[in-house]
Amino acid sequence: MDAESGSKASNGNSKSASVRVGSSGKPLHTTLAGAPVSDDNNSVTVGQSGHLLFEDVHLFEKQARLNRERVPERFVHAKGAGAHGYFEVTKDVSNLCKAKFLSEPGKRTPVFARFSSVAAERGFTDLARDVRGFAVKFYTEEGNWDMTGNNTPVFWVRDPLKFPDFVHSQKRNPKTNAKDPNAFWDFLSLVPESMHQLLITFSPRGVPATYRNMNGYGSHTFKWVNKERKAHWVKFHLVTEHGIKNLTHEEAVSLSGSKPDYATEDLLTSIEEGNFPAWKFYVQVMPLEDAPKYKWDPFDLTKVWLHKDYPLMEVGRLVLDRNVENYHAEVEQAAFSPGSFVPGIEASPDRILQSRLFAYDDAARYRIGTNFHDVPINKPIVKVQTYSRDGAMVVSDNGGSKPNYYPNSYDNLPQNDPTQPDVHPHEGGTVGRFPPRKWEEQDDYEQPRMLWKLMSEEDKEQTVSNIANHIRGAAEFIQERQMGLFRKCDGDLASRIEKKLAEKKKSPEPYTMIA
């Protein structure tokens with residue numbers, strides 16, 4: 001199946017029946033049950049000035065539907081934009097991965113991509129200083145593969161037990177319902193491993209100008225397995241072909257007032273104008289035996305693999321060339337999960353990844369319903385054959401009259417395929433609650449220190465100004481604790497922030513947590 005036909009199959013735009021027309025020869029307006037609507041401007045009443053009647057089913061149907069039009073928004077990544085496109089293999093990586101959509105150069109796979117901010121609500125500005133979500137659904141001939149990434153190669157925490165607390169610290173204060181700098185900095189100043197992500201977020205890259213002008217990363221470590229069952233650890237990188245472009249604090253705050261949907265509009269108009277967003281897809285590859293010997297825990301989400309140790313290898317190209325037709329049906333109902341794997345791509349011991357394997361699909365079950373996989377934007381382009389049944393909003397044949405259990409005695413029903421294991425074991429150990437040894441041995445300040453030293457003088461100045469402007473809203477004792485972490489990271493970084501913070505405290509500039 002080619003990219004175009006695959007994309008259309010994925011979003012449900014194909015007509016299931018011919019258009020009904022009324023006596024005027026124009027498309028007929030109907031109720032949800034399909035009955036003709038005679039007048040959609042006036043409710044049914046007793047005479048011109050009388051009471052409404054309950055027999056006006058069309059009126060109450062419209063009101064009831066309006067009350068239920070919104071599904072719960074995502075708790076994180078609530079505001080987003082998306083588009084359809086394709087992924088094309090440009091280099092032969094079949095020696096590393098047996099996934100069929102990667103089998104040969106030139107092969108195309110339809111995709112749907114969604115970009116988002118993380119901490120804010122659906123109605124918030126696109127221009128907040130925040131990590132950006134970068135999720136891509138690949139509709140492959142072996143099922144859907146979802147790359148649920150961000151525009152940063154690392155994250156704030158590395159153990160999922162901290163994740164709900166981190167999210168709460170980024171959300172609104174439970175009393176004031178306002179953004180809370182104390183919560184933001186209180187949590188981070190007690191979690192030193194967050195320093196790497198913190199520096200990236202407050203650097204110039206903290207506010208991407210558009211979704212086209214940022215990179216995407218799988219962030220986690222994953223496993224690639226080839227046809228001979230030889231495995232490697234990998235990290236995914238999507239490098240923009242449009243160049244990195246960012247907004248300063250001042251630009252972001254100004255645009256938030258005049259164009260809060262700036263990035264959303266840019267994605268739409270760039271595709272309409274034929275300036276298709278595009279990224280080169282690369283991987284870093286690590287032999288399994290290197291993992292225990294690497295300086296940093298290769299499964300720690302707060303750390304990167306240095307490119308000099310594991311260079312980028314080109315795989316393919318991602319292009320978005322078609323806008324959505326309906327935001328709710330496609331962007332809002334799109335459900336991504338790092339647990340959506342295809343043969344040849346597997347998980348690693350990354351603790352956050354392991355937790356997300358369950359959490360993301362569970363969020364979709366809550367937001368959209370048990371049968372969210374049957375929503376056209378989420379539906380694979382290959383036939384799904386399962387023993388799962390029932391639940392709210394079944395829109396398939398629900399398995400018909402066939403047995404809904406396994407094992408069973410029928411050869412014509414779905415059978416297991418032991419030749420395609422979905423997990424290739426790599427190591428074992430004693431079960432317990434403890435941090436990996438390398439987490440205790442490694443220096444959580446070394447990589448952010450390296451990042452700081454790599455920054456240009458201009459980027460250093462912006463980063464320092466952004467941090468000082470943001471942290472000045474937090475309580476004094478939290479500022480002091482965070483400054484202690486900055487000093488451990490780099491003395492020059494800390495002294496610059498202290499100096500800039502003193503200036504900001506005297507400035508008449510109004511405080512904002514937007515950017």
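Here the Cβ of each residue, glycine as well, is placed from N, Cα and C on the backbone.
Positions annotated as active site by TrEMBL: H77 (among others). Counting only residues at least six positions away in the same chain, the Cβ atoms of S116, S117, V118, G133, A135 sit under 8 Å from the Cβ of H77 (active site).
For N150 (among others), the entry in TrEMBL reads active site.
Taken from TrEMBL, the feature compositional bias 'Low complexity' covers 1-18.
Sequence annotations record features per position, and here TrEMBL assigns domain 'Catalase core' to 30-414.
The region 'Disordered' annotation in TrEMBL covers 1-41 (among others).
What TrEMBL lists as region 'Disordered' is 412-437 (among others). If you look at the region 'Disordered' (412-437), the same-chain residues 6 or more away from its ends with a CB under 8 A from one of its CBs are 159, 223, 225, 229, 231, 288, 297, 299-300, 341, 343, 346-347, 349, 385-387, 402-403, 406.
N150 (active site) is surrounded by 22 other CB atoms, counting those within 10 A of its CB over all protein chains shown. With helix defined as DSSP H, G or I and strand as E or B, the region 'Disordered' (412-437) counts 1 helix, 0 strand, 25 coil.
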